[in-house]
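Trainee: Below is a structure I'd like to ask you about.
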Amino acid sequence: QVLILKGLKQEVSCLCPSPDGLHLAVGYEDGSIRVFSLLSGEVTITFNGHKAAVTALQYDHLGGRLVSGSKDTEVIVWDVINESGLYRLRGHKDAVTQVLFLKEKNLLVTSGKDTLVKWWDLDTQHCFKTLVGHRTEVWGMALLSEEKRLITGSADSELRVWDIAYIQEAKDPDEPESKKSKESSPGVEENTEEDETLELDEHPEERLVKCSKVGSIMREGRDRVVTLATDRTGKILACHGTDTVLEVFSVLSEEEVQKKLEKKMKKAKKKAKQNSEEEPERTVELSLQEEIQRVTNIRASSKIKSFDLVLSPKGELKIVLLLQNNIIESYNLNLSAQVPQAVRASKITIGGHRSDVRTLAFSSDNIAILSAAAESVKIWNRSTLQCIRTMDCEYALCSLFVPGDRQVIVGTKTGKLQLYDLASGSLMETLNAHDGAVWSIALSPDQRGFVTGGADKCVKFWEFELVKDESSVQKRLSVKHVRILQLDEDVLCVRYSPNQKLLAVSLLDCTVKIFYIDTLKFFLSLYGHKLPVLCMDISYDGTLIATGSADRNVKIWGLDFGDCHRSLFAHDDSVMYLQFVAKSHLFFTAGKDSKIKQWDADKFEHIQTLEGHHQEVWCLALSPNGDYVVSASHDKSLRLWERTREPLVLEEEREMEREAEYEESVAKEEQPVVAGETQGETGLAGKKTIETIKAAERIMEAIELYREETAKLKEHKAICKAAGKEVPFPVNPILRAYGNITPSAYVLEVFKKVKSSELEESLLVLPFSYVPDLLRLFNEYINLGSEVELLCRALLFLLKIHFGQITSNHMLVTVIENLKKTTVSRVSEARDVLGFNMAGLQYLKREIEAKDEVTFFADATDRFEEKKRKRKKKEKMVLTLL
């Protein structure tokens, strides 16, 4: 492991490395995109624009733009250098599955689950062509043969291949200039609809690209395509479905196609001669199967989730597979071999389980953690987080550490109890305990035995004993069955009371029955849950029992009379696990809603929520000292939580929850509408978030401070004039903190601190009453020549969204006139500086290249001389030997 890139709590849904290999764009489930630097491991840019999970990411060939597609059906193009959104493209009716930039042309291809492939002209920002040749969802696509071919994969076993012809290339040189300029000049958003109506007669799509279906390549897999991709060179194409097979194809280059054609032509001529026919006039063509050839199939050890491949210059193909069972495998494929065979080079399986962990347990010294899944039991060291033992087992459902922490017992789905020795990591004994699954196991408080509950409607009592093995002299630990309690329903959970007088049993009929342990006589029935009780626990003093059910509620009962103290709506889905903290009436619950919550059973209050898992939490375990919680989830992770020494204030927790709810509601609100803009194909890239609102508030506060200070300054001047002498002026503490700057300079400072990606959205929620002051300040700043680019961007956006109000305001006419002069002159100055710098850099580049060429040739001659010397030396040695 080289680097960990830490994001926030959301699940990662998409990855895309930049062409220079220095950055990684990461898409998240909540629709945000973060760009990480791979050198520092820090987040450099954050983009917020999507309302749902990001499903596709792609950089353009220079790495200056990033395009993202999402489950919210929208495609957004981002400017990575300026760290801002360019525009949003709407058109798909379902989730976007793939997005591709075309290198040479300013075009974008997107595919979606709505069965469509759309072509977008990024100059005019509209969709000019839609491919409708698919019956089902388009799950993936790739560009081949130097972007002259498009291959798409959908829900069947057919990979459809399309030929792309760029019309502009084949255009007549004598074509009228007006039409050419129309195609090349970037279109204004408002005019896109007019363009479409004007061009309807002459097929608007035909002016850029002609796309025709060539044929299909059949996959061996019968299910849908999950990933379809090529390597960087475009020579290798690979795809996989929802199974374990990766299919690899090689794509012939133009030269190879020509060679094959020549060979075919020769054969055809030969045949014609043999048949004494005339010279064959008909053209010989290669079939699609000859141009895109199957290389081999790679069978992975489990279902494939995703892959990537790289072709080395020597012709060896390296493939990395990420599998559904939490393994990463690497394969090498020698393409020059007669029959290419994939060889597994390595695999990463570090520690983790291959399937969902269904049971957890802590050792009595708080150091070891047991986790068991469908295929293995693992013991982890809590402090180092390393896996120290792995033992094969059947499908585990419950577990415990035997007192002394040297052995563990696991209850399985097939009704067996498996006893393992930790020192040797071996299975010591297997007992057929129940006829159905062993759903629950509980250690007796006197630590002499334990009790199990199973799907065979039985509760069985067991005791530990030492037995003598025939093979060894020493006695070993074993368990013997002592008593049985037969019930009318399947047993889901069993728990002892701490004084070992009562046993609580949860049944499939939604009740919890409590029995006396010594006589097994019935004592109480706790009924009230609408669905079965999946988990429960009894407090350390034996006064309370808390039950968690599939009806999403937790009920707290008194164990003396079986009365329900309180029913709490705990989770948004089934409550899967519940456990009291040692020596307290606090308890933790885990739910299928991916949350872990802490509750107070005396005050019936929710204390805190632990968010981190992305899917259902199956189980958790508390350490005996109450300092640690470990949880296991369907997202394949185990998470360890530590109790801090920091006091928890409930009011603060509630306040934070309210803030989080408000932030969520802000994100779900309707986006502000720009006057004069219709909800067409394009829109603004950003979205309203709590950050953009805060940025707008900061700008408003700065402008208000500027107004107050200028008013005070006027008053102060009047006082000085009346007094006839200089009176000291009190400086605002905020301005003093910034180093006694002027109020107008403070507004600029605040403005510069607004994130580039949030600038437009912040200005969009800014009330118009602040805009006149901003325009006057912009005029002042641009005159001084500071932050020209940023201010022009903000100025043009404000003019666009408040056009009507600004033009009808006579007070602003002079301001706009002044801005017109200053911006034009300052922008041309900035352009001149940039032009001069570019020319200088290009000159330096040429100088360096010239020097490098000289040194390169010098190196080459040195190497040649060295080789000559070595050869002569070798010859001399050979002669002396002879």
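Each residue's number is its place along the chain shown, starting with 1.
Cβ coordinates come from backbone N, Cα and C, glycine included.
Note that TrEMBL annotation is computational and uncurated.
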Trainee: With TrEMBL as the source, identify the stretch among 282-301, 402-421, 462-481, 662-681 annotated region 'Disordered'.
Mentor: 662-681
Trainee: Take every residue in the repeat 'WD' (568-609), average their pLDDT values, and give the whole-number result.
Mentor: 93
Trainee: Give residue numbers and ranges for long-range contacts of the coiled coil (251-278): same chain, 6 or more residues beyond its ends, CB-CB under 8 A.
Mentor: 144-146, 230, 234-237, 284-286, 290-293
Trainee: So which residues does the repeat 'WD' (47-88) touch in its own chain, when a touch means Cβ under 8 Å and the partner is 6 or more beyond its ends?
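Mentor: Same-chain contacts beyond the flanks: 13-20, 23, 25, 27-35, 94-101, 103, 108, 110, 112, 114, 120, 122, 125, 189, 667-668, 682-687, 689, 691, 755-760.
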Trainee: Count, for each of 431-465, 526-567, 610-642, the Cβ pairs lying under 8 Å from the repeat 'WD' (350-390), and report the range with the highest count.
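Mentor: Per the Cβ count, the answer is 610-642.
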Trainee: Quick one: find which recorded stretch in 5-46, 131-164, 431-465 has the most Cβ pairs under 8 Å with the repeat 'WD' (610-642).
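Mentor: Between the candidates 5-46, 131-164, 431-465, the best contact partner of the repeat 'WD' (610-642) is 5-46.
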